[in-house]
Amino acid sequence: MSFTLHSVFFTLKVSSFLGSLVGLCLGLEFMGLPNQWARYLRWDASTRSDLSFQFKTNVSTGLLLYLDDGGVCDFLCLSLVDGRVQLRFSMDCAETTVLSNKQVNDSSWHFLMVSRDRVRTGLVIDGEGQSGELRAQRPYMDVVSDLFLGGGPADIRPSALTLDGVQNMPGFKGLMLDLKYGNSEPRLLGSQSVQLEAEGPCGERPCENGGICFLLDGHPTCDCSTTGYGGTLCSEDVSQGPGLSHLMMSEQGRSKAREENVATFRGSEYLSYDLSQNPIQSSSSEITLSFKTWQRNGLILHTGKSADYVNLALKDGAVSLVINLGSGAFEAIVEPVNGKFNDNAWHDVKVTRNLRQVTISVDGILTTTGYTQEDYTMLGSDDSSYVGPSPSTADLPGSPVSNNFMGCLKEVVYKNNDIRLELSRLARIGATKMKIYGEVVFKCENVATLDPINFETPEAYISLPKWNTKRMGSISFDFRTTEPNGLILLTHGKPQERKDVRSQKNTKVDFFAVELLDGNLYLLLDMGSGTIKVKATQKKANDGEWYHVDIQRDGRSGTISVNSRRTPFTASGQSEILDLEGDMYLGGLPENRAGLILPTELWTAMLNYGYVGCIRDLFIDGRSKNIRQLAEMQNAAGVKSSCSRMSAKQCDSYPCKNNAVCKDGWNRFICDCTGTGYWGRTCEREASILSYDGSMYMKVIMPMVMHTEAEDVSFRFMSQRAYGLLVATTSRDSADTLRLELDGGRVKLMVNLDCIRINCNSSKGPETLYAGQKLNDNEWHTVRVVRRGKSLKLTVDDDVAEGTMVGDHTRLEFHNIETGIMTEKRYISVVPSSFIGHLQSLMFNGLLYIDLCKNGDIDYCELKARFGLRNIIADPVTFKTKSSYLTLATLQAYTSMHLFFQFKTTSADGFILFNSGDGNNFIAVELVKGYIHYVFDLGNGPNVIKGNSDRPLNDNQWHNVVITRDNSNTHSLKVDTKVVTQVINGAKNLDLKGDLYMAGLAQGMYSNLPKLVASRDGFQGCLASVDLNGRLPDLINDALHRSGQIDRGCEGPSTTCQEDSCANQGVCMQQWEGFTCDCSMTSYSGNQCNDPGATYIFGKSGGLILYTWPANDRPSTRSDRLAVGFSTTVKDGVLVRIDSAPGLGDFLQLHIEQGKIGVVFNIGTVDISIKEERTPVNDGKYHVVRFTRNGANATLQVDNWPVNEHYPTGNTDNERRQMVKQKIPFKYNRPVEEWLQEKGRQLTIFNTQAQIAIGGKDKGRLFQGQLSGLYYDGLKVLNMAAENNPNIKINGSVRLVGEVPSVSGTTHTTSMPPEMSTTVMETTTTMATTTTRKNRSTASIQPTSDDLVSSAECSSDDEDFVECEPSTGRSDKSLSTSIFEGGYKAHAPKWESKDFRPNKVSETSRTTTTSLSPELIRFTASSSSGMVPKLPAGKMNNRDLKPQPDIVLLPLPTAYELDSTKLKSPLITCPMFRNVPTANPTEPGIRRVPGASEVIRESNSTTGMVVGIVAAAALCILILLYAMYKYRNRDEGSYQVDETRNYISNSAQSNGTLMKEKQASSKSGHKKQKNKDKEYYV
């Protein structure tokens, strides 16, 4: 009876449903008429929804569908374009278009679906899909209008339509039917010019025997349930047997009438049927279901527990069955012939079991049969059955996957001999034993796919929420890459202090990580008792294919599966809790790693290897993570929401520059810049070079103690020494070190892990490797070290050495990375020798430390070495006479020898080195007729090797000498680049005793010298960089005995200004007994301007150096000079700013704007700007900028580039000159005109300067990089800051580099420069620098300057004639003009009014190329009595000395280019002359050479000023008349600078800049022009 009732109910249900199907087969026929439309209720397409219909047409254009938001931004439009369907849509005014590939105007029926998923919209035509994605600010679409098919009403206002022109689009012509919003049918609101059409796919009546036709997925389908027939067309008689129609009726297979027993699962919902009250025991059973999904892995159904269970799942797109009857699991995999089952199409699964035989079939075609183990035939189930996901899929017995299912399941039925469970129907009707967890939707909805993401760069990453796992958990994902290394996943817990056996604290954390290293996948786990590292792959997994990783943990144990290969693991210790905190990082780590504790065992993290490749289907504890959405929300840089592998090799286009090696990565090229001297993505940026002289070093101090088990180290070096420390890691607490040094011309790698301190049992001491030969050849060599645990590999150029460390201890501890000198010596028994040479491109675990230190990107860098490829002269010593010598301890060179030294001399002969020994053994090095001789005797008789230099070496230039002897008794002598080699047979050992004599012998020893030794006198000259077989002696302090005149440093024989006397455009100032160099405007210091000035590095966070003048000593200036050296990569920032007292508003600012340097200043009127427009300066190279101002006139010059000039315009001076010509006799016009010109009423004074701000932090325009040698109007502010001047405050990220450089004083010869103090200057100019390590001088800053005078507390603008009481802080009554710090000062009478002070110096006019015009008559005040005249270099004065002008300023054409060591236009200086172009106030249209600086004192009263004006003008005229009358015909009565003799014709050298006066006219030497060309000085 129950069967009958059930049948009646079924019949009624089907009948009512098929009644609605008749309506669905009625379509809409559109005729293509104007103003035709069919209007449906609004479709909610805001976030997620599907729309579908079927259509047929033979036209190529027409509007199919349209909706919008009422004329604002959003719309969706479907139309036909050239016979294909076009989808246009817009969200938040961002628009895109999708065009189908398939032609549809073929008069055939086509199925169309539009799928909305937030910013993504898909278009599917007959199963072929495309999608478009928008970068909109909001992830939803606003929909206001109803939905229109076939066209739109013409009566709608165009302004109410979002898409312009939609009303003008042609209407659709054809048939449409079966319009659905998801699975529901929308209500038709109205139509116009549209007919109902009964045709359609079912119009041909394909069903026989009364079967009812309906559409299923766009195809006609027959319902035969009421006919008694079966088959596709209801043509098969059911009574003929239990065929397919019988199965369809009894099992409700694919009937549309039973589609309501469908459920959608999104990963967290699941169904559970309770079997605990009625356990099932059966010998045979059957499971049937259908599924539809995009997902590759996921649980479909599970029943049973322990050893009795059935598990059905998707595994990598195939159907997996695992069944266990208690005797062992039977596993079966069914895979399709083409593609995968996760194609979002319906697939039918049937599992049958009869005793031990198990059969599984998919879609009735693909079938697999097998047998369970042993004789167990009963399946017992007394637990719950799960449909779809489960609460913990990873913990289910036999589950091959840990993912929950995402997709649709329908008609899930379990039956055996006794029971039939229609699980889908039971869930839908809410049966008591069927529990529903989550929001299960009982219809099939579109489930968003878990799109893959692509990490395009190693720096890319995304962060995931905290993983709440304690005792158990699971993670699964797929990855795909071609790169061998990368951190895939890391999460860790709170730091904990743990103590080892020696009570050494060590910060440890619980952590969980997955990494790809050398192509293999590793799982790392630490639960508090030590780290385990599990290798999960047998072959490399970086072949570009997808790999599925499934990790399941239960307490301490678990498994990791890669594809189908399982690897079990067990954590250390007893803890079963994994205590995690904070985010989980996927693909890499953030740049700011504050708070991150990186496990030592996680090598990819320590080596900075980020993952580059694709990841998809991330499930944590069975629940999916939409990582594409997370990446979008985090705006993750370098993460792309797609995954496709480029077919073309990236290196085929040869993207790497400078001979770098190109490697193909994942959709990218990788340029290996090692050994090129460059860095960057394509190795396009030149790496910084550090020069070391044996006393210099760079030390990187780690922000915290580092522990590593893997290191990548690479760098380039160049040296002439055979010994010296290159790079080493050092620890403050242990003897741990990884050290690379030169040892006998080879690179020695020593790794020492301090096993004793941590009480480990198996350590044999340091591991040592050697590679390379004769590397002290002054050529670049590349070193690379790779350590992975116990494995070591050292590569020097092409020489490779490998080794394996003995012992279990592999952890390296270090606090510092040191180069040049090892400063951390507490645990070092033998300190390595210091390095002399050059180092470049030091990379340690992915960080380029030299450039990071130079650019200020790290704050923990001690820098004593010097930037740039420099000629290194270390520790020079001068032997002033041939009788001078010293002795050192015996030379130790028994089995082998490496000697190196540098010398410079003008003598052709002399002893350099001598050491005698046992028997006849000796060694001697001497200079004979200008050539080096190496003489020795090892016991077989004396031998001599003579250098083969191209010319004699006594040319007063530095030369390098290398002498070596190896174990094979091969001797070589290398002088500069010339090498002579000789093999000596016989004795191989050199047994020396007694003292080693340097530069000479005691007087009585010359008569007893061995044969072949030619010298009978000592060496006169300079020795430097002496290396005695790895020992660097201090020739003076280490000497056992000294005789004669021996001084530290190297003084040359020249005492007059030469073209190479001053480097870097310094000005040579000739004195009677020598010369000095004015380095003010060079940014350098030292006696020869070749030592760097005080240098500060400003970091990323910004810094400020603020100098404040004392309140009673604030200067006001008419002219200013500013110079500074810098290197930076920022596009915008303020370098220096000088401000006047509050309320005045005067300022001067040097800044970088859009990468270009410029100056803006205001002296009381408007802002005046001058800028270098030609070339950006933020290229990371070292530049020197010079700025001069005289009134409103200004010049700006960068390096030796053309000078930029600014001259104001106006008519004031023209009017004044016209007045002069009318009122004053003609012959006095010119001097008075010049005087009036200077006193123009334009504002020219920079008033009451109060402070100098360096770094830009106070203005919010931060400067990052280095500043060096800042000079402003006599103040060397950076030197003052380094000496802790009380008027200077330093804030922020500002770091002094090296030590305070000394300031040159007045010397009478070219004396030894002070020690090479550290700076940060990038230059390609090779400059000789002589240095010492002792007797460092401190800089002395003079408070006076050439153009400053205190205005005390009197703050007034330039032209305000307001009484102001001057400060009494200065007692001098004369104007003091300092030519250079420590130099002479010229004094002139004090002028009480600023407007009546005559021009101190008038300069000739010049063009924009700074050439000189005919000179003008020069006016100056009388100099003080007793002032010594200063003559041009090389010029002798045979006449009586007359008072000379205070200062004469001439412009200096730039002499250096960055890529040249030659002068462009060497000039000879006049005594005390400046070399920097300055600016003079001048009349409009006439450009003049910049003049001298002026200092203004303000008058005490207006009355005094007026009286002074009258008196001074009368006095000047009288003096002028008297002078011209008295000296008119007397040549001998005045001194004229004879400039025709000032030129020194020496060729330009590499380290000097001199200044030469131009003649006013080529005819000035003629006698008849003599009187006209005189310069008169009063």
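Each Cβ is built from the backbone N, Cα and C atoms, and glycine gets one as well.
As written in Swiss-Prot, here are the features:
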| type | residues | note |
| --- | --- | --- |
| SIGNAL | 1-27 | signal peptide |
| DOMAIN | 28-202 | domain 'Laminin G-like 1' |
| CARBOHYD | Asn58 | N-linked glycosylation site |
| CARBOHYD | Asn105 | N-linked glycosylation site |
| DOMAIN | 198-235 | domain 'EGF-like 1' |
| DISULFID | Cys202-Cys213 | disulfide bond |
| DISULFID | Cys207-Cys222 | disulfide bond |
| DISULFID | Cys224-Cys234 | disulfide bond |
| DOMAIN | 260-444 | domain 'Laminin G-like 2' |
| BINDING | Asp308, Leu325, Met378 | Ca(2+) 1 binding site |
| DISULFID | Cys408-Cys444 | disulfide bond |
| DOMAIN | 451-643 | domain 'Laminin G-like 3' |
| DISULFID | Cys614-Cys643 | disulfide bond |
| DOMAIN | 647-684 | domain 'EGF-like 2' |
| DISULFID | Cys651-Cys662 | disulfide bond |
| DISULFID | Cys656-Cys671 | disulfide bond |
| DISULFID | Cys673-Cys683 | disulfide bond |
| DOMAIN | 689-861 | domain 'Laminin G-like 4' |
| CARBOHYD | Asn761 | N-linked glycosylation site |
| DOMAIN | 875-1050 | domain 'Laminin G-like 5' |
| DISULFID | Cys1022-Cys1050 | disulfide bond |
| DOMAIN | 1053-1090 | domain 'EGF-like 3' |
| DISULFID | Cys1057-Cys1068 | disulfide bond |
| DISULFID | Cys1062-Cys1077 | disulfide bond |
| DISULFID | Cys1079-Cys1089 | disulfide bond |
| DOMAIN | 1094-1294 | domain 'Laminin G-like 6' |
| BINDING | Asp1146, Ile1163, Ile1245, Asn1247 | Ca(2+) 3 binding site |
| CARBOHYD | Asn1193 | N-linked glycosylation site |
| CARBOHYD | Asn1291 | N-linked glycosylation site |
| CARBOHYD | Asn1335 | N-linked glycosylation site |
| CARBOHYD | Ser1351 | O-linked glycosylation site |
| CARBOHYD | Asn1500 | N-linked glycosylation site |
| TRANSMEM | 1504-1524 | transmembrane segment |
| TOPO_DOM | 1525-1578 | topological domain 'Cytoplasmic' |
Out of 28-202, 260-444, 689-861, 875-1050, which stretch touches the domain 'Laminin G-like 3' (451-643) the most, going by CB pairs under 8 Å? 260-444
Between the domain 'Laminin G-like 5' (875-1050) and the domain 'Laminin G-like 4' (689-861), are there at least three Cβ pairs closer than 8 Å, leaving out pairs fewer than 6 positions apart? yes
Need the DSSP three-state call for Cys444 (disulfide bond) to compare against my parser. coil
Is it possible to get the count of other C-beta atoms within 10 angstroms of the C-beta of Cys662 (disulfide bond)? 19
Just to be sure I understand, if DSSP states are collapsed into helix, strand and coil, how many residues of the domain 'EGF-like 2' (647-684) fall in each? 4 helix, 10 strand, 24 coil
Considering only the recorded positions Cys673, Cys1022, Cys1057, Asp1146, Asn1193, which residue has the minimal Cα-Cα separation from Asn1291 (N-linked glycosylation site)? Asp1146
Best-contacting stretch, by C-beta pairs under 8 Å, relative to the domain 'Laminin G-like 6' (1094-1294) and drawn from 28-202, 260-444, 647-684, 689-861: 689-861
Do you know the mean pLDDT across the domain 'EGF-like 2' (647-684)? 92
Closest by Cα to Cys662 (disulfide bond), out of the recorded positions Cys207, Asp308, Leu325, Cys1057, is Cys1057
C-beta crowding around Asp308 (Ca(2+) 1 binding site), within 10 angstroms: 22
Counting Cβ atoms within 10 Å of each candidate's own Cβ, which of the disulfide-bonded residues Cys234, Cys444 comes out highest? Cys234
Cys1077 (disulfide bond) versus recorded positions Cys651, Cys673, Ile1245 - nearest by Cα: Ile1245
Using DSSP and collapsing to three states, where does Cys222 (disulfide bond) fall: helix, strand or coil? strand
So how many other Cβ atoms are close to Asn1193 (N-linked glycosylation site), meaning within 10 Å of its Cβ? 24
Cβ neighbours of Cys1057 (disulfide bond) where a neighbour is any other Cβ within 10 Å: 28
So of all those disulfide-bonded residues, Cys207, Cys444, Cys1057, Cys1079, which one's Cα sits nearest to Asp308 (Ca(2+) 1 binding site)? Cys444
Protein Cβ atoms within 10 Å of Cys1068 (disulfide bond), excluding its own: 29
Among Cys222, Cys673, Cys683, Cys1079, the disulfide-bonded residues in question, whose Cβ has the most other Cβ atoms within 10 Å in this structure? Cys1079
Between the C-alpha atoms of Cys673 (disulfide bond) and Asp1146 (Ca(2+) 3 binding site), the distance in angstrom, to the nearest integer, is 50
